[in-house]
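The block underneath contains the structure these notes are about, expressed in structure tokens.
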Amino acid sequence: MEIIIVGAGIAGLSAGSGMVALRKGSIIDGTNMQVLIPDYYKDSESKWGLPMYAVHRVDLHTQLRLLATQKEGPGQPCDVQVRSKVVSYDAEGAKVTTENGEVLRADLIIAADGVHSTAVKQVLGDEVVQAGDTGWACMRWLVPSDDFLSDPQTAHMIQDSTTRYFTAAGGAAALVWYPCRNNEVQNFLYLSNFRARVEPSVPLEYAKKHFATALQTVVKKANQVKFWKLVARGPIPKWHKDRLVLIGDAAHPMLTFQGQGGGQAIEDGAALGILLDNVHDRGEIEERLQLFEQIRRNRGSALQILSNTNPPVPQSVRDAAAEYLPGHRLSSTDDVNEYVFSFDVLAESKAALAILQSKERITKSGFL
């Protein structure tokens, strides 16, 4: 079966390396440095089978691309085409048109080209709701660990394999700080309602409004700051039409507060990889895509809602996600973490496919 994947981000590829295992993590009141929830990732390996990891996004993307294009392993390697922006989709004909007018056809089109993907219009028609400004924006920057270790004011704040999540008064801002590249680099994500042009001095200007002096000293080291507004969209009623399927931010764009945008994109790719294995007839595609939505749409939709606020997630938000959580009651932050991290997309996909194939064998045998 020939497949066109539009988009070569996390959703379009899948897997990772260059990671740091997180032994612990805390949620901290950034105004007074009081620890609100210690050991936020405590016992993750014993509970969910794997340790928590922090990874530089560039390293993750590099490894995903390597995995997708290498000749070793099952399946055919992907042929990655750059500078081939897709401007239109045809769900029924399973084809896309690039900005230079080239028309590409396949058995299946996977739209993984982000929150502004025009494929959403093809799937939903007049039902489509465009992603909009959430009022939130973020700044990101990296600082070499040596810059902190060589400064007496910050050396004591470097903690191996620790993620820290600092909150501001009233939820007005959040600062996420975690190590990557074997603790050689410190990665920062600063979230608030920023609207100013970002210069190296801007993070500190905002930090003076939001955080304690000790944290301002950390933010002062920001350089080469990247800035973007955060857009999102609520859950949508379906993710596929004919031979076109949405994954990643095209299907379920979400805010960053649960740190699940990339994780959910990888789950999408993992599920499709299993469900589309050994499909030899176009007539099988629709049933496999229905199974994909059965496994992924409620979960992706619930996490869109749960990602709308800083952790710990309030009960009102947990209740709002209940529509997409049949059989689950999220009564606490621990329940949210259990829901996020205990799900095994590989096992769920294999089990669902086995049931489908069993039914197909029974039908072919003439017993039904």
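Yeah, the Cβs are placed from backbone N, Cα and C, and that goes for glycine too.
According to DSSP, ARG140 (active site) is assigned to a strand segment. According to Swiss-Prot, the active site annotation covers ARG140 (among others).
Taken from Swiss-Prot, the feature active site covers TYR178 (among others), and the record attributes it to similarity to another entry.
According to Swiss-Prot, the FAD binding site annotation covers ALA11, ASP249, GLY262. Packing around GLY262 (FAD binding site) is summarised by its Cβ count: 20 other Cβ atoms lie within 10 angstroms of its Cβ, all protein chains included.
Ranking the binding-site residues ALA11, ASP249 by how many other Cβ atoms lie within 10 angstroms of each Cβ puts ASP249 at the bottom. Counting neighbouring Cβ atoms within 10 Å of each of the active-site residues (ARG140, TYR178), the lowest count belongs to ARG140. What surrounds the FAD site, by Cβ distance within 8 Å of the Cβ centroid and not counting ALA11, ASP249, GLY262, is the set GLY9, ILE10, ALA112, GLY114, ILE247, GLY248, GLY261, GLN264, ALA265, ILE266, ASP268 from the same chain.
For the recorded site, TYR178 (active site), the DSSP three-state label reads strand.
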